[in-house]
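Features of the protein shown, as given by Swiss-Prot:
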type: ACT_SITE; residues: HIS5; note: active site
type: BINDING; residues: GLU25, ASP27, ASP85; note: Mg(2+) binding site
type: ACT_SITE; residues: HIS41; note: active site, nucleophile
type: DISULFID; residues: CYS45-CYS51; note: disulfide bond
type: DISULFID; residues: CYS47-CYS189; note: disulfide bond
type: CARBOHYD; residues: ASN66; note: N-linked glycosylation site
Amino acid sequence: WTMGHMVNKKYQVDEFADLGANAIEFDVTFDSNYKADYTYHKVPCDCGRTCGRYEVFTEFLSYVKNETTPGHPSFREKLVLLQLDLKMSYLSESQSNEAGKDMAKKFLNYYWNRGSNAGRAYILLSIPSISNYLFLTGFKQQLKTEGYEQYLDKVGVDFSGNEDLDSIVNVLGRLEDEHVWQSDGITNCWTRGISRLQDAIKKRDEDESRYGIKKVYTWTVDYYSSIRYYLRLGVDGVMTNFPNRVEYVLKEKEFSGSLRMATMDDNPWEKYVG
C-alpha cells in the first residue's frame, strides 16, 4: 500500500492518485462538540509541504466517495484505501466515544450513502493514542444501532502515536478487532531508529492472535534509498509525499518479482504471505 500523505484538498486526491497512490491519508479535526469538521493539518507539517490547506470534512468525504464508486465519471479503480489521521489526542474517553459515533454517521450519510451507490474503498481509522480507543467502540456501536453492521468489514484500526506495542496489543484484545494495522514513523524532517518498527514486524509475523497486527507501515518516507530500505525490512505500506517514487522502486528488479501495488482484490485485514 502506498499512502499519499496529507491529502487534505479535493484536488490533491487526483494529484496523488495520478502519482500512483493506491491509498490517501487525510487529517480530520473535531469541533467543540466532538464532531468531525475539517481536513486540516496545522503548522508544523512535513518539510516541503504547505500546511493549513483544508476542506469541510463532509464535502471532502463526498468527493472521495465519487472517486471510489464504480460507474461514477470520477471513479479511480486503483484508489482502494482511505486513511483518516484523527486529530483527537486531547479528547477524553467519553468524548472519543461520541466522536466515533459522529464519524460513523458521517460515513453513512456522505460515503456509504446508506447502501445506495456507496464508495467501495477500505477505511483505516488512525487513532492517535490508546487513550482514545473508545472512538472505535463508538463508531462500531453507531453502525450496529443504525443497522449497517456490514460496513464493519470495510473498517480497520491503527494506533498511530508510536506508543508501547505491548500496550497497544492489550487494547486491541479488549476491542476484539481483527482489522489491525500498526504504524511507526516520524515527519520527513527527521530521522528515526528502526527498533520499534522491527518489533512491530516481528509481532505481525509471529503473533497468531486473532486480534493481532495484520499490516505494518511506516511514515513519512520520501527518498528512493529509504523506500528500498523499508521494503527490505518487510513493511506492508509506505506513507509518502511522492507515491511515484514508491511505484518506481517496486518496478526495480530487486522487488518486482515479489512485491506489487495492492488492489481491491487484496484484503488489507489479512497477513501477506509472499
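For all residues, glycine too, the Cβ spot is worked out from N, Cα and C.
Keep in mind that this is a model prediction, so the values were computed, not measured.
Features recorded in Swiss-Prot, as mapped to the structure shown.
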residue	record	Cβ contacts under 8 Å, 6 or more apart
HIS5	active site	GLU25, ASP46, ARG49, TRP219, THR220, MET239, THR240, ASN241
ASP27	Mg(2+) binding site	MET6, ASN8, THR39, TYR40, HIS41, ASP85, LYS87
CYS45	disulfide bond	MET6, CYS51, THR187
CYS47	disulfide bond	THR187, ASN188, CYS189
ASN66	N-linked glycosylation site	HIS72, PRO73, SER74, PHE75, GLY119
Among the disulfide-bonded residues CYS51, CYS189, point out the residue whose Cβ has the most other Cβ atoms within 10 Å, with all shown protein chains included in the count.
CYS51
Write out, in the order they occur in the sequence, the residues of the chain not among GLU25, ASP27, ASP85 that have a C-beta within 8 Å of the mean position of the C-beta atoms of the recorded Mg(2+) site.
HIS5, MET6, VAL7, ASN8, PHE26, VAL28, THR39, HIS41, GLN83, LEU84, LEU86, SER126
Enter the number of other CB atoms within 10 angstroms of the CB of HIS41 (active site, nucleophile).
23
